[in-house]
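Quick notes on the structure that follows.
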Amino acid sequence: MASLDLPKSPNVFHPEKPSAVGSRNSLAQDCRDQQQEVNQLIEEETNKILHHLNTKLPKEVLERLDVMGGLKEKLYNYFNQNYQNMFNRYMVTAEDEMLKKVRGFIDREEMKVLNRYTPKEIAILLDEVAGADKFNTGEIEKSMVNMYGHLQGHIQRGVNELETHTNSLLRQKVDVGAFVRGENAYAVVKCAFKDNLARPKTVTDVKLSINILDSELVSPIFHYQTTVAYLIKDLISNHYIDAIDKEIDRVKDELIDQGKEEMSDSSIIFEKMKMVSDFTDDDCENPDSKRYELISRELMERISNLRAEIDPETFDQLNVRENIKKIVDLENIRNRGFNTAINSITSILDTSRMGYQYIENFKNARELILREYDDTDISNLPDERYQLRLKYLDNAQLIEERKGYEVMLRSFETEVDHLWDVLRTKYDKSKASRFMAKITDFDDLAKVYKKHIKKHYKDKTGEPVYEDIAKVWDEIAFVKPAETEVERMNRTFVYEKDKMRRKLILMRGKLKGMYDYQYPIERRVMEERLAFLESEFNRFDYLVNPFHLQPGLLLDIDITSIKRKKATLDGMANVLNEFLHGISKGFADAAFASFSRRRSTVRADIGQSFASDGSADQKESSGRVAFMDMVNETPALESSVAAEQVDVRSDVGMKTRKAGAVDAGKGRRGRRSAIREL
């Protein structure tokens with residue numbers, strides 16, 4: 001529909017008409033006494049100038065000036081004729097122009113509504129032809145929204161790829177930062193780059209593990225075996241938290257309306273804790289307890305120990321238990337969290353041109369295994385490939401995972417120590433079989449000189465012999481410090497792994513030193529065992545330590561990529577960031593959000609000050625105070641300060657010359673300080 005441009009207001013210039021340009025009267029000043037405001041402003045400015053004259057001019061000059069009579073009237077008239085008119089006309093014009101802008105905006109919005117207006121005759125005609133179900137643009141609008149959404153997704157994905165390539169070019173290498181961006185870096189549990197065993201010069205293997213906590217998931221994930229009572233209690237708990245948040249918002253609004261100070265983050269947390277008892281309590285046996293206000297104790301007892309599946313022999317569609325379970329199942333609370341995660345990762349892989357040939361979804365175990373190729377034989381796979389494992393772990397599973405991990409580590413320690421003992425026994429026997437060579441290593445040499453050292457050195461000084469001193473260091477790893485509760489609850493096993501790795505290296509070196517170029521059966525057997533332990537230990541060390549995980553979603557990815565090509569690495573980087581953005585809420589540090597100023601900018605030396613003059617207190621100041629005066633000195637006033645300090649040096653004498661670093665204003669040191677100040 002065509003629109004007509006109507007005049008919004010007359011563009012009139014007049015000194016007295018309200019709403020005119022340049023007028024001293026405004027429509028916005030309907031309830032204000034303009035003359036009283038002007039008189040108050042002029043009176044204040046006149047008194048300021050008179051007070052300034054009274055303080056600056058001598059008394060005889062003030063007596064000659066008629067301050068109380070003619071001068072005040074002249075000042076008053078000057079302000080009244082100039083300052084008042086300029087200031088008042090500017091304010092009036094600004095207010096009127098703002099009204100015109102608002103009025104024009106309202107008119108434009110009204111024209112938009114008129115353009116969409118449909119005459120009554122056309123609406124009746126459409127109803128007679130078909131009806132609203134036929135002439136409905138809802139589906140077309142949904143299609144347009146989907147089209148724009150896909151377009152925006154492709155644009156964003158292209159921008160992410162460009163950003164990833166740019167970062168890799170700037171780095172000139174591939175590192176952990178190429179995968180996960182800064183806002184998601186906290187979710188990384190382990191990321192390791194290592195050369196491929198078959199082609200170490202051209203191919204790299206990457207291990208990446210990401211842990212998304214329960215509290216960070218957009219849609220919570222529950223195990224398939226979770227009871228219906230647990231799901232309902234979780235819903236009730238979320239309802240209580242929402243109610244507490246609304247109550248806190250209401251309290252905030254009341255404080256703002258009353259003009260009081262807003263609550264701090266700590267105060268909000270304490271208030272939330274106080275409100276918990278208003279919604280629930282710990283009395284499980286009382287049917288009238290607050291915890292049973294939303295759902296009665298009788299219903300909770302009916303659904304106790306009710307899980308995802310019901311025994312067909314006891315199933316009845318009309319029972320209360322079955323209907324409550326049906327309501328929960330219709331909302332799909334049990335499965336929607338994990339299903340959303342699977343849909344997200346698979347759709348992102350499809351749109352990112354990262355296809356896959358093998359997928360296995362363990363629905364009841366909440367685990368997804370996805371591989372780019374179905375074959376698992378490394379010798380038949382290309383150098384560009386990936387596989388990922390998506391699994392949800394609760395606290396009970398993590399406890400068992402940690403137990404198994406620790407048992408496996410102790411088993412490795414037992415096997416490595418056993419091979420160490422066998423190799424050491426063989427080494428000692430090989431030394432005993434050498435009749436001609438009495439000295440093979442440092443221990444043999446120490447035995448030869450043992451009596452001589454005891455007789456000539458230790459007995460004279462009274463010190464104990466080396467063999468009588470308790471040997472704490474095993475010469476393999478440094479002494480391990482005592483464990484605290486933190487180490488016992490969070491086993492890293494870094495010390496044990498480093499010690500085993502060190503033992504494997506020492507055993508290989510000792511085998512080479514014992515046999516050189518000889519390969520008897522003993523050497524071959526021990527080298528085979530050593531190679532097996534090394535390969536298995538590397539596989540074990542490549543896994544994620546469950547002591548570092550927390551209950552939530554675990555994304556474990558293994559990538560093999562060509563070093564020069566890096567196609568899979570770049571593609572998986574975009575997939576990971578988009579996946580984390582879709583299912584994780586992330587976290588925001590409230591301390592940093594409320595911290596409005598950096599500490600480095602809050603310093604006493606930010607407010608620069610000039611060097612002080614030569615007063616009596618300045619004479620006895622220390623050298624540190626004089627140095628701070630030199631630092632705070634400005635080059636613009638360097639000459640004037642130096643001129644004033646000439647008299648100070650003449651009065652103080654030699655003592656002031658020694659302590660006053662500021663006094664060297666005209667020398668070379670003063671010029672250097674001026675350069676530093678600039």
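Cβ atoms are placed via backbone N, Cα and C, with glycine included.
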Stretch carrying coiled coil according to Swiss-Prot (options 290-311, 422-443, 642-663): 290-311
Stated Swiss-Prot location of coiled coil, expressed as one of 103-123, 313-333, 376-396, 397-417: 397-417
Annotated stretch (coiled coil, per Swiss-Prot) among the listed ranges 24-49, 596-621: 24-49
Sequence-remote partners of the coiled coil (290-311) [C-beta within less than 8 Å, at least six residues beyond its ends]: 224-229, 232, 236, 239, 278-284, 320-322, 324-325, 334
